[in-house]
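Accompanying notes for the structure given below.
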Amino acid sequence: MVVSLFSSRNVFYTLSLCLFAALYQPVMSRPAKFEDDFRIAWSDTHITQIDGGRAIQLKLDPSSGCGFASKKQYLFGRVSMKIKLIPGDSAGTVTAFYMNSDTDSVRDELDFEFLGNRSGQPYTVQTNVFAHGKGDREQRVNLWFDPSRDFHEYAISWNHLRIVFYVDNVPIRVYKNNEARKVPYPRFQPMGVYSTLWEADDWATRGGIEKINWSRAPFYAYYKDFDIEGCPVPGPADCPANSKNWWEGSAYHQLSPVEARSYRWVRVNHMVYDYCTDKSRFPVPPPECSAGI
């Protein structure tokens, strides 16, 4: 069944979100050229720099996908990119933007995974949080716009108290520090910033029912406005614990009232999967699921 991206009940609120996103500007924004902070990590023949390195193109074809990574790792801060996703029939493809500690079995990881679709269906973004090697915390949201028509900003804000995933400055997920409930929280290992474009038609679209259509290849995704603000590791030893870092300020301890309303709107109208409510996987909800925002 084709799902409409918009419904009459959502139009007014969608316009309100657009106004909020236009008025809000990230603190100390510093968009950079690709080579300032990143390197090609996988298949350099499939990544092309555009506009003097201010934007890049990722390509997926039957021979290979591709990926890039930050030159440094970071412990706390905010990372963001503007991404224009694959248009049309993108079923079976995954465009990922994530942070990863690169520590194998005890890895920490914060994921945005954009799951390709058949033409006319909404794009789904899956988020996941790995802490001390434990993941299985998937949530899925249908985006309320067509992310292939223009660039949209995707950001991860990470401090000692919480992790927030943003789409155009609208929070779509909050993961709190619940170590008091014996829930692991990523606060010891620095993480690099990564992005990949790859084929995953065994699970990405409708659980693997929709397969990739290679006759439409190559598939392209575009990136620009790369922004990393955080404590580099190696770097000043006192940086990660410095409470004066802007991302540790009181404004970033909890969502603002406007953000909280936007977050609830996303969950009510656009969330299509939440591990917290999946009783087949978790008959007893994990303890972090009752933490609220």
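Each Cβ is built from the backbone N, Cα and C atoms, and glycine gets one as well.
These figures come from a predicted structure and were not determined experimentally.
If you look up Swiss-Prot, you'll see Glu109 marked as active site, nucleophile, on the strength of sequence analysis. If you draw a 10 Å sphere around the CB of Glu109 (active site, nucleophile), it holds 20 other CB atoms from the protein chains shown.
If you look up Swiss-Prot, you'll see Glu113 marked as active site, proton donor, on the strength of sequence analysis. Following the DSSP three-state reduction, the secondary structure of Glu113 (active site, proton donor) is strand.
Long-range Cβ neighbours of Arg281 (xyloglucan binding site) (same chain, at least 6 residues apart, Cβ-Cβ under 8 Å): Asp136, Tyr275. Residues or ranges marked as xyloglucan binding site by Swiss-Prot on the basis of similarity to another entry: Glu113, Gln126, Thr127, Asn128, Asp136, Arg137, Glu138, Asp202, Trp203, Gly207, Arg281.
The disulfide bond annotation in Swiss-Prot covers Cys231-Cys239 (among others). Less than 8 angstroms from the CB of Cys231 (disulfide bond) sit Tyr74, Leu75, Phe76, Gly77, Pro190, Cys239, Pro240, Asn242, Asn245, each of them six or more residues away in the same chain.
Around Cys276 (disulfide bond), the same-chain residues at least 6 positions away in sequence with a Cβ under 8 Å from its Cβ are Phe282, Pro285, Pro286, Cys289. In the three-state DSSP classification, Cys276 (disulfide bond) falls within a helix. Residues annotated as disulfide bond in Swiss-Prot: Cys276-Cys289 (among others).
What Swiss-Prot lists as N-linked glycosylation site is Asn117 (among others), and the listing cites sequence analysis. A 10 Å cutoff on Cβ-Cβ distances gives Asn117 (N-linked glycosylation site) a total of 25 other Cβ atoms nearby, all chains included.
Feature annotation from Swiss-Prot assigns N-linked glycosylation site to Asn213 (among others); the stated evidence is sequence analysis. Secondary structure at Asn213 (N-linked glycosylation site), as computed by DSSP, is coil.
Among the recorded positions listed (Glu109, Asn117, Asn213), Glu109 has its Cα nearest to the Cα of Glu138 (xyloglucan binding site). Among the recorded positions Glu113, Asn117, Asn213, the ones whose Cα sits within 10 Å of the Cα of Thr127 (xyloglucan binding site) are Glu113. Here the Cα atom of Trp203 (xyloglucan binding site) is found 15 Å from that of Asn213 (N-linked glycosylation site). Cys289 (disulfide bond) falls within a helix when secondary structure is assigned with DSSP. Our reading of the xyloglucan binding annotation (Glu113, Gln126, Thr127, Asn128, Asp136, Arg137, Glu138, Asp202, Trp203, Gly207, Arg281) yields a largest Cα to Cα distance of 21 angstrom.
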